[in-house]
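Undergrad: In case it helps, TrEMBL gives these features for our protein:
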- 1-12: compositional bias 'Basic and acidic residues' (COMPBIAS)
- 13-43: compositional bias 'Acidic residues' (COMPBIAS)
- 637-649: compositional bias 'Basic and acidic residues' (COMPBIAS)
- 656-666: compositional bias 'Basic and acidic residues' (COMPBIAS)
- 901-919: compositional bias 'Basic and acidic residues' (COMPBIAS)
- 920-938: compositional bias 'Low complexity' (COMPBIAS)
- 722-798: domain 'RRM' (DOMAIN)
- 819-896: domain 'RRM' (DOMAIN)
- 1-43: region 'Disordered' (REGION)
- 633-714: region 'Disordered' (REGION)
- 894-956: region 'Disordered' (REGION)
C-alpha cells in the first residue's frame, strides 16, 4: 500500500511539475510579448519625437529664412538642437546667430529676464558664449580643435566687455601650457585682457591679479627647480628676471585707476619693499588713488541704480560726461602749451602727464563698453551714437592709437545691436568705405540696412542719401576719363537708383516720404554737373517737382535751388525765365520779395535798362506793400493790447466803485425811490425770530424755487464734468440701443441726442451722470460698436474753454512713444484679440487699438502699447516683416507726424506771414513751406494727384 501511495504521489508530483513548466512557458511567452510591445511603443515614441523635432525645426528655420533678425527664434533653435543632441546643427545656428547678433555673456538679453514687475537684470555666468565654449571644449581631440576654441574665445571677448569671459579665456589657455609656445600664449592673452578690460574701475583688478599669480607660479617653479643645489648663473638670472617682471606688473597696475589699489600697494610692499618705496611709484599710486576717490561717487551711483534701467543709463551718461570733460581740460592744458609741460619720467620712461591722458582715454572707452554691456543698454541708440561720435572726434584730433579696426568693430557691433537705426548704418557704411572695402561689400551693407526694419520716412531718406552719395563718389570720381560705353552704364545705374529711391519712399510714405524733394534736387545736380545735361535737370525740376504745385505748395527754397543750378550750368535766358515764373507761382509776398531781390541783381548784371527798370519797380512796389501791411498789423496789435489793458483795469476798478457807492448811500442816508426789484428783494428777505429783516449779502440773490419734475423736453442742468460727449452715431439709429449701452453704467441720468427738426439724430449727443468719476468711467465705452459702427465717447469740453480745447483737441499722443508700436499692412479681418495674442509673448500688453474708418471697418493699421521700451524693442525686432495670413506686416515705433492746424489757425498764420517785412533786402530768415503744407488745391482727382508723385521720369 505504501508503495502504491508513493507511486501515486510521484505521479502527482510529475503532473504538478509538468503544469508548472507549462505555466512558466506561458508566462515567459507573455513576458516576451510584453517586452516586444514595449520596444515597439518606445520605437513609435522615438519616431514621433523625431518627427516633432524635424517639424518644429523646419518651422523655426522658415521664420529665420523670412527674417533673419529674429533673436528669440535663434534661441529656440539652439535649445531645440541641444536637447536632441544635434551638435552639428547646434554649432551651425550658433554661428549664424553670432553673424547677425552679438552674443551676450548672459543667456538672454536682459529685457527677456524680467520677473513680474520687478526690473531684475542679471547676467548668468554660463551665458550664450560660455555655454557654446564649454560645449566645444567637450569635443577637444587634437591641437586643431584647441585652435578653433581659441578663435571662438577671441570672437567672444570682442562682442561685449566681460571680465568673466577674459578670466575663462585665461583659464583655458593655461590648460594648454604644455604645448609649444603655451606659456607665451598665456602671457599674450593676459596682456590683451589687462590692456582694455583691465581698465574696468571696479572689476579690472581681478585680471591683473590673475596675471601676477601666473607669473608668481612660474617664479615658484624656477625656484623649485634649483632647490637643494647651487644655482647656476643661468638659473639665478632667470629667477631675477622673473622677479623684475612681477614687480613691473605691480607698478603697471598701480598706474591704472582701479578699485583695491591700496591692497595692491600693500602686496607690492611685501613682495619688493624697495620698489614700493620708490618716489615715482609713490607719486603714481597717490595720483591714481586720488582719481579713484573722484570716480567713486559715480561708481556708487551705478550700484544704487541697480534694478532701475532709466536711472542707470542716466548715471552712465553723467559718468561719461565727467570723464570726457576731464580729458578735454587735460588736452587743452597739455597740447596748447607743450613747452611748459612738467616732464616727470614715469616708470615707462614717458612723460607722466601724457601717459595719464592716454590711460584716461582708454578708461573712457572701457566705460562706454561697460555701459553697453550693462542691462539692456545695448539697445540704446543714443548710447551707441555717443560712443561713435567720441571715437570719430578722437580720430579727427589724431589721438587714436592707430587701431582703426577697433573703431570699425564698434560701428559694426552698433548695427548688430540696433539694426533699426539709419544713423548707425550710415556711420558704419562710411567707415568701411574709408577702409577702401570692395564695392559689392559696401552695396550689401546698404541693402541689408534697407531690410533691417527702419522706423520712419526720415530714416529711409537718410539712408538713400548716404547710398546715392556713395554711388556718386565711387562711380563719378573719374567719370570724364571713362569710355562712352562705360559712361552710359554708370549713368543708367545712377538714374535707376534715384528713381528706385523716389518710388520706394512714395510707396511707403506717399507725399510725406520726401516733402522737400531733396532726392529729385540731388538728382538734378548730378545730371547737370557730371552728365552735362541741363535739359534733363530742367526736366526733373519741371516734371517731378514744380508740377506738384497743385498737390502741395512748393517752397521758395526749391526755386532758389533751381536758379542756382541755372547760374552754374545754365544760361541767362533760362535764368530770367525761371525767376519770372517763380514770381507768378509763389503765393506769399515775403517769398516773392526774396525772388525779386535775385531778379534785380540778375538784371543789374545781365539785363538792359528796360529789364532792370521793370524788375526794380516791381521790387519797390512789393516792398511798400509789405511795409504798409506790417505797419497796419503793428497798429492793430497795439490797439488790441491797449483795449485789453483798459478792460483789465476796468475789471479791477468796477467792484471797488460799487462798494464805494453802497457805503456812500448807507452813510449819507440817501432815500431812493423803490423799484420793482427792490420791492421783490425786500419781500423775499429772511427775518429773524423777532421779525426783523436780515439784510442779504451784496450781489446775493435768493435762489428761486424750480419745479422738481422735468418735462421730456427739459433736463436738469448738471456739472459739465458729469457729462460725456458721444459722436459718430448713425443718423437712423434707434435711441433705445444707445440708451441700453449707458444705462448699465452707475449714476446714469439721461441721454440727450441732438436731432434735426425731422426727428433724426445729427450724429452726436450727450450723456449725463450723477458724479464726475462716473462720467470718467463711461469713457471706457469709447469705440463700442453700435450697429457695426464705433461710437466715439469723449470728455465734454465747453466751447469757450480755450485751455481745454488746446489740451484735449486730440486724445492720442502725437510725439514718439517708445513703448508703443505702429503696425501696418494688417488683414482687414484682424481682431484686437489676435493682436494681443501675438504681442503678449514679448511683454505685458497694455492696450491694442485698431484704427478704423467711421463706418467701423479696419484700415489695416493698429497701435500696440507694451509695458516698457525694452518689450517694445524686442517685439519690433521679431515681428517686423511677420506674415499674418497672406499679409506681411510692418512694425515701427509709434512716431505720428505732426497734426495739421485747424483752418482758423492756418488762416491767421498766413495773415501774419503776409504782414511780415524784411528790414533790408534779403535779410532775415524766411520760413520754408514744404510740399506737405495744406493749401487750396485745384479740382484734380486725388488718385491723379498721388500718381503724379510716383511718375517715372523718362530721361532717355
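Every residue gets a Cβ built from N, Cα and C, even glycine.
Curation does not apply to TrEMBL; its annotations are automatic.
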Undergrad: State the residues, same chain only, that lie 6 or more residues beyond the ends of the compositional bias 'Basic and acidic residues' (637-649) and have a CB under 8 A from a CB inside it; answer 'none' if no residue qualifies.
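TA: For the compositional bias 'Basic and acidic residues' (637-649), there are no sequence-distant neighbours (Cβ-Cβ under 8 Å, at least 6 residues beyond its ends): none.
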Undergrad: So, by DSSP, how many helix, strand and coil residues make up the compositional bias 'Basic and acidic residues' (637-649)?
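TA: Across the compositional bias 'Basic and acidic residues' (637-649), the residues distribute as 13 helix, 0 strand, 0 coil.
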Undergrad: What is the number of residues in the domain 'RRM' (722-798) that are helix, strand and coil, as DSSP sees it?
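TA: For that range the per-state counts are 20 helix, 32 strand, 25 coil.
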Undergrad: For the domain 'RRM' (819-896), report the average pLDDT of the model, please.
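TA: Reported value for the domain 'RRM' (819-896) is a mean pLDDT of 85.
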